[in-house]
Structures are given as structure tokens and as C-alpha cells.
């Protein structure tokens, strides 16, 4: 490992890619994924805004998911790309705090939002007659605001603690973004209390929502099984499989990473798993929700037709 200056207040992000042709290939691939995620999520946000047929609670939540994914990947990839291209791996103390705050805020908020989206589908399929009453725009706004507030408070607490820890070892963080657990390995004090709070936060923001989603979709699948309409079954199964795919890509690697004891964690494995919930998921979400959703594809065609008609 390079001998970095330990008297500096800056941290060093060792990055994700090796300095080789393979590293350049992986970097190019990540940049392409980043551009696809930007285009996909911006397209979903604009499409939901422009087409009145998508002004429904489900798509209001989906609009927020796209906004979060857009912020998520933009918080991490541009800095990683800059460091790789310029050959500079440093990040300032303030920069570390800002990136860590936004990452933890979006991570916790998105975990709660996915649970809200699962509840939306649960009510829509299991209680279709009560759906307009139980899931209103006001209810969606409250779920979204609550998710953002809880995610921000959790993030603020973790980031503030991490910035106050004394660091007496190398300031080289073996990761490609400012992940607090990776930073704790550099601390010159016992951090077992903080590691316990990480376990609690992961349980509250990831594990419990995941269990709630699993239970709600268990009820959904049971209700779908009892349907008489084959078309209704296919539509419900498609919706469930779409959401469960998103949930699997987001929750599984996240929970596995943060609930493991430090003794069982390795930097390489943590970085590979982090790629799933920080880079791949923001790209897959708009693809899954657009290609697997007839209403979204119909809205896309209507917007294209209106645009072409205006030009003519």
C-alpha cells in the first residue's frame, strides 16, 4: 500500500479499479451504467410529470424512487470517475462528510420508500375497493416526507459521529466512496458502540422493511392465487415480480454487508457488494419499471406522439 501522508486532514479513497487495462475497461463500463441510470431516471421523472395517466399514487412513489436513484448514483460515481481519470484519490474532510451524509440519507430513505411501495401494491391487490380511500395523494406525501425525515436524521447522526472520531492510522480508506464502516478501521479508539448503532440502523431501515415487504407480498401472492381472472393474475404476478426484483437487488447485498461482524468482512467483498446497491440498482430500476409496465410504455408512446405532432 502506498505511504500516504498521515498528517493531512484529507482521506484517501483507494477506489474500485486497478491501474491496468482491466481497470480501464471496468471504469468505462461503470461510466456507461452511470449514463444509462441518468437517462433512465430522468426519463421516468419527466414521463410521470408529463403524462396525466400516470398521475396516480403508485407513480408518485415511483417518481420519488427515480429522484433518489438519480441522487444516489450522482453522489458516488462522478467523484470516483474524477479520481480515476486525474490519478488523485484524495477527498477532503468536508467532502467526506458531504458524500457520507447524502449516501446514508438516500440509503435509509430508499429502504423506507420501497416498503411504502410494497404497501401500495398490497392494498391495490388485496383491497382494491378500499384503495382510493387508503392510498391517497396525501398519504403518499406523508410516507415520502416521513421517509426523507427519518433517513436524514439517521444519516446526520452517523456522519457527525464519524467526523468526530480520532484517526491515528493511515487515512487510506479501502473503498470507492465514503462508507462509514470502512472508515472505522482507521480509528484509534474502540468503536464497538458505534458498530452496535450501525446494526440497529440496518435493522430499522433495511431488515424490518424487507421483512414487511416479504410478508405483504406473501399476502399478495395468496390473494392472486385465489383470483379467477387469468389476466388479473398475470398483471398481479408481473407487478410483484418487478418490485421483488428491485427489492432483491437493493436489500440483499446491503443487509448482508452491514449485518456481518467486522471479523467476517473483507474490503474486496464489500466493494463488490456495494456496486449492486449504489450503481446497478439505480440503473435497473427505471428499466424494470418501464419495460415491464404497460402503462409506462403507453405513456411513453403518447408523449412521443404529442412531441412529433407539435413539431409537425
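Glycine residues also receive a Cβ, built from the backbone N, Cα and C atoms like all the rest.
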Task: TrEMBL annotation of transmembrane segment - which of the ranges 22-49, 162-189 it falls on - done: 22-49
Task: Tertiary contacts of the transmembrane segment (193-215), as residues 6+ beyond its ends and Cβ separation under 8 Å - done: 107-108, 111-112, 114-115, 118-119, 150-151, 154, 157-158, 161, 165, 180-181, 184, 243, 247, 251, 254-255, 258-259, 262
- [ ] Find the average pLDDT over the domain 'G-protein coupled receptors family 1 profile' (40-289) in the predicted model and report it.
- [x] 87
